[in-house]
Amino acid sequence: MSGISGLFEFDLKKIIALSTLRQLGFIIATIRVNHVNLAFFHLITHARFKALLFICVGLFIHYFFDNQDIRSFGLINKNFSFSLSIFNVANLSLCGFPFLSGFFSKDLILELILIKKIGFFFFFIVFFGTFLTVFYTFRLIFFLRFKNSFFFPLEILNKKVGIEYSMILLFFFSIFLGYFGSVYFFFPYNYIIIPFILKIFISILCIISFLFCLIFSKKFFFLKINLIIYLSQIWFLHFLKTDFLKRVFFNFSNSFTKNIVGFSELFMGFYIYKKLFNFSYFINKLFRAFFYYFFLIFLFFILIYIFLIL
């Protein structure tokens, strides 16, 4: 779901966020095949280059007048060649490019899934998600590197170097962390022997997704605009969790308040009306905080689960 939405999204920050959601699904799939340590290893490596991606994205957005549309970032290499180079390396690590940090965890996970006796649907979802990851990553690189820009970036007069130090540090993590982690800490004796065709299957999948990106990155216009909106909004999940619930709860609160006003004026007077109005306001606040309470309940059960495991 997040991978398909990333193909039709033009908000730079949302694309990186959807990529994070996609990798979380990949980690859950790893836990599904009973490789918790490997999932933790992928989480650590992914956190490093994803932090680098967010730093680069924040830098680009700031210097382009807080604009987040990737269609306005074309030919960014003329002004930010250093940052764009680091950004591209982090994206390649996200795709599992040999032999960057993401390769050592992602390739191992995919090979383990290949030799596991799992259902076809699970197998298809994992590898189709990998295909989409490479697809929308190279689509993003294409827009930033080759498209024409609508804006001129801000001139950097007194640029601080602190952020560059952070980017360089995370850049080396994106290259070397996977190797040292897999060799010296997590999997020093794990060797997987699979047929050659399965070994190159992952690389072929990445190459095919890259070719699809080159062919179809300009061809999405043939889709109807309603379908594009549907796919870019995570299949209307954004509408269901925000606008829809907000309208339902606010309309209920509004109608409840109006009915109570009329009832209190006729039968109970201003005092009872005031109390009921406060009660209606409390219900309104409760509905507004619906997702916050849901998150707290979710966190509570996660803590209970961790406590039971330990």
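Counting begins at 1 with the first residue displayed.
Here the Cβ of each residue, glycine as well, is placed from N, Cα and C on the backbone.
Because TrEMBL annotations are produced automatically, they should be read as predictions rather than curated entries.
Taken from TrEMBL as is:
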| type | residues | note |
| --- | --- | --- |
| DOMAIN | 2-133 | domain 'NADH:quinone oxidoreductase/Mrp antiporter transmembrane' |
| TRANSMEM | 47-65 | transmembrane segment |
| TRANSMEM | 86-106 | transmembrane segment |
| TRANSMEM | 118-144 | transmembrane segment |
| DOMAIN | 136-308 | domain 'NADH dehydrogenase subunit 5 C-terminal' |
| TRANSMEM | 165-187 | transmembrane segment |
| TRANSMEM | 193-214 | transmembrane segment |
| TRANSMEM | 221-240 | transmembrane segment |
| TRANSMEM | 260-277 | transmembrane segment |
| TRANSMEM | 289-309 | transmembrane segment |
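Across the domain 'NADH:quinone oxidoreductase/Mrp antiporter transmembrane' (2-133), DSSP classifies residues as 105 helix, 2 strand, 25 coil. A Cβ distance under 8 Å defines the sequence-distant neighbours of the transmembrane segment (86-106), meaning residues of its chain 6+ beyond its ends; these are 19, 23, 26, 38, 41-42, 45-46, 48-50, 52-53, 56-57, 60, 130, 133-134, 137-138, 140-141, 144-145, 167-168, 170-171, 173-179, 181-182, 202-203, 206. When pLDDT values are averaged over the domain 'NADH dehydrogenase subunit 5 C-terminal' (136-308), the model yields 68.
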